[in-house]
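Here the structure is laid out as structure tokens; the discussion comes afterwards.
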Amino acid sequence: MLRSTLSRSAWRTGRHQAARNASRAFSATAQRPAEVELTIDGKKVSIEAGSALIQACEKAGVTIPRYCYHEKLMIAGNCRMCLVEVEKVPKPVASCAWPVQPGMVVKTNSPLTHKAREGVMEFLLANHPLDCPICDQGGECDLQDQSMRYGGDRGRFHEVGGKRAVEDKNMGPLIKTSMNRCIQCTRCVRFANDIAGAPELGSTGRGNDLQIGTYLEKNLDSELSGNVIDLCPVGALTSKPYAFRARPWELKKTESIDVLDGLGSNIRVDTRGLEVMRILPRLNDEVNEEWINDKTRFACDGLKTQRLTIPLVRREGKFEPASWDQALTEIAHAYQTLNPQGNEFKAIAGQLTEVESLVAMKDLANRLGSENLALDMPSGHKPLAHGVDVRSNYIFNSSIVGIESADVILLVGTNPRHEAAVLNARIRKQWLRSDLEIGVVGQTWDSTFEFEHLGTDHAALQKALEGDFGKKLQSAKNPMIIVGSGVTDHGDANAFYETVGKFVDSNASNFLTEEWNGYNVLQRAASRVGAFEVGFTVPSAEIAQTKPKFVWLLGADEFNEADIPKDAFIVYQGHHGDRGAQIADIVLPGAAYTEKAGTYVNTEGRVQMTRAATGLPGAARTDWKILRAVSEYLGVRLPYDDVAQLRDRMVEISPALSSYDIIEPPSLQQLSKVQLVEQNQGATATNEPLKKVIENFYFTDAISRSSPTMARCSAAKKTGDPRTNFMAPGMEEDRPMGQIAYGA
């Protein structure tokens, strides 16, 4: 839902200037700001003018208690827990809302400060229920921690009617509410309105009657809604799927990355035994800040349903369990019987495949004489229109954080709200705080920012670039064109890339400079950039059209089934019994991203790694080890025996893969022009409209399609009713894989 123009303009008024300056998330300036010197607890501190006093205290190494203040949110000043004493000021001041001033003398631990905080804590606890033994926030609750220091041993609040009681709200299948615990810090409201763009969440009433909720019972319509759980400093908002399942001290914590979209959000995987209990975000300001999308957070229950745990061999139309030796022997026998020549062996890689497995699969295919490699796409396996030899052709060149410097953005064939929800929040942030203008070529969607719709086909793109919006891009200091998967999967892809490439090349003075590259490709799948890095692509249309006799599906579930001949022998290697496994002759159980250490490259070219948080279920094996074993049975033994040797092979193919958490800048931008323009010269367009590549945000991969929680979200989104049951009649499309209706 769009914010009103009045709401957007309020960000630019003087009334909100201090709050904007006080939030580190919204500070961006080309010049070094003036410094202010002040004294905090006898220590001299220098900090940027306009910073909040609480930030100066943090710089001095002093931890200030707070509930409403958060570095990424606008200032509210609700809780008053951050009170400090300032000399020559008659009363304690809220350090989150008080800007620093030259020569200030601040005392953060004086008797006056301590007494003031004790008073605030007493008011907060006056109506707070004693739910700690049954509250999911127990053990990681800010109110618990701070009450140990500032709470009294008894309360003075007595009322005949008892403590305030507030009815719990139903916000959908993800967020569990216990509104008696709410301390009205409004973190959730500010996040929903300012970051997520979901103004349904707000406050009603005032004083003792103030309540947080959606007013009308409805879902919190945002792909980022789960972040309010992390923001809530008490147990008012907790995870509904995680309710009463574990305590934080019982969990093993593993730092990893998300692979359910192309962003590579940094996450922490909490496990107990072999089960992933929950997934939380990790701070990385260059990628996901502190946010993750709901699919990343809640689809983890899909890791334990529909899992492949033993090899399966299809006999007489039915799968039968087999040992690894039996399954690999069957594969070798089928290969010898069919005797595929060269490119008649085809390998298709899925969206969640890590670089190690891609390299092993590529080397195996090459040793068998085949170059017929493909990525699973519903549109088929033709070569990418824009070529993949130069990094700037397939990555987000401006970088994710570069969005916060853009002044004009053109979105072509992409819906960032579904393809990269956290990146979409960056666009919204820049739109709110600046005069950012956004144009869209493609199908529209329920956006969190205002945009100018320029059309849906190639002709509309040409008209836009030749018209007023093209002039805006030409005159912008930091223009951005973001090309999405809707273009790559479209029949007019060649024409789209030629048109965009010509425009970028003719305006290189502001699109391609030493400081800025405004051409960006938004990859929606975690494996895409890594596949292009190691050359896991079909080199020509002729090879792609070769009829295969033997097909290897490496975690591939999004393929076009018409591209696979009915008489081909199919091996599916993956971790879920999804679409690929259903058509396979042999199924080999692999590892999910939480069960292996694997290399992924995100949409901006940043190399990152998952880490094994749990062991492998049943007889499942790490994917590259499976391919290594297969190579011996096929008589083309791969030359690496451990993962270190395999990663040396990766770096041999692409040296950029040796630098983790670093974006290697493209060194041959002019060659990019050759591939974008000259390779597509004279491409004709059918002017078919661009289509949405993601119809259902909650069912985009094998893990999320197996998740009961994602099924509940899909059903609730479809009906608009948070109480919808996905097993009810009429909800067949919104069920997880393998589920049947009542009574069936």
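Glycine too: its Cβ is placed from the backbone N, Cα and C atoms.
Since the structure is predicted, the reported quantities are computational estimates derived from the model, not experimental observations.
Annotated features, as they stand in Swiss-Prot:
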TRANSIT   1-33  transit peptide
REGION    1-26  region 'Disordered'
COMPBIAS  1-10  compositional bias 'Polar residues'
DOMAIN    34-112  domain '2Fe-2S ferredoxin-type'
BINDING   CYS68, CYS79, CYS82, CYS96  [2Fe-2S] cluster binding site
DOMAIN    112-151  domain '4Fe-4S His(Cys)3-ligated-type'
BINDING   HIS128, CYS132, CYS135, CYS141  [4Fe-4S] cluster 1 binding site
BINDING   CYS182, CYS185, CYS188, CYS232  [4Fe-4S] cluster 2 binding site
DOMAIN    251-307  domain '4Fe-4S Mo/W bis-MGD-type'
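Surrounding the centroid of the Cβ atoms of HIS128, CYS132, CYS135, CYS141, where the record places [4Fe-4S] cluster 1, the chain contributes additional residues within 8 Å, namely PRO129, LEU130, ASP131, GLN137, GLY138, LEU143, GLN144, ARG181, VAL234, GLY235. In sequence order, LEU201, ILE212, VAL228, LEU231, CYS232, LEU237 are the residues near CYS188 ([4Fe-4S] cluster 2 binding site), counting only same-chain partners six or more apart with C-beta under 8 A. For CYS141 ([4Fe-4S] cluster 1 binding site), the same-chain residues lying six or more positions away in sequence with a CB closer than 8 A to its CB are CYS132, CYS135, PRO233, VAL234, GLY235. With the fewest other Cβ atoms inside 10 Å of its Cβ, the least crowded of the binding-site residues CYS68, CYS132, CYS135, CYS182, CYS185 in this structure is CYS132. This prediction places the mean pLDDT of the domain '4Fe-4S His(Cys)3-ligated-type' (112-151) at 93.
With respect to CYS96 ([2Fe-2S] cluster binding site), the closest of these binding-site residues in Cα terms is CYS185, chosen from HIS128, CYS182, CYS185. Look at the domain '4Fe-4S Mo/W bis-MGD-type' (251-307): DSSP puts its residues at 11 helix, 23 strand, 23 coil. Cα spacing between CYS182 ([4Fe-4S] cluster 2 binding site) and HIS128 ([4Fe-4S] cluster 1 binding site): 8 Å, rounded to the nearest whole number. You'll find the Cα of CYS79 ([2Fe-2S] cluster binding site) roughly 6 Å from the Cα of CYS185 ([4Fe-4S] cluster 2 binding site). Compute the center of the Cβ atoms of CYS68, CYS79, CYS82, CYS96, which mark the site for [2Fe-2S] cluster; besides them, the chain residues with Cβ within 8 Å of that center are ILE54, ARG66, TYR67, TYR69, ALA76, GLY77, ASN78, ARG80, MET81, ALA94, SER95, ALA97, CYS185. Apart from CYS182, CYS185, CYS188, CYS232, the [4Fe-4S] cluster 2 site neighbourhood in this chain, defined by C-beta within 8 angstroms of the site C-beta centre, holds ILE183, GLN184, THR186, ARG187, VAL189, ILE212, VAL228, LEU231, PRO233, VAL234, ALA236, LEU237. Residue density at CYS82 ([2Fe-2S] cluster binding site): 27 other Cβ atoms are found within 10 A of its Cβ, drawing on all protein chains shown.
It is CYS96 that, of the binding-site residues CYS79, CYS96, CYS232, has its Cβ surrounded by the most other Cβ atoms within 10 Å. The closest partner of HIS128 ([4Fe-4S] cluster 1 binding site) among the binding-site residues, by CA position, is CYS185; the full candidate set was CYS68, CYS82, CYS185.
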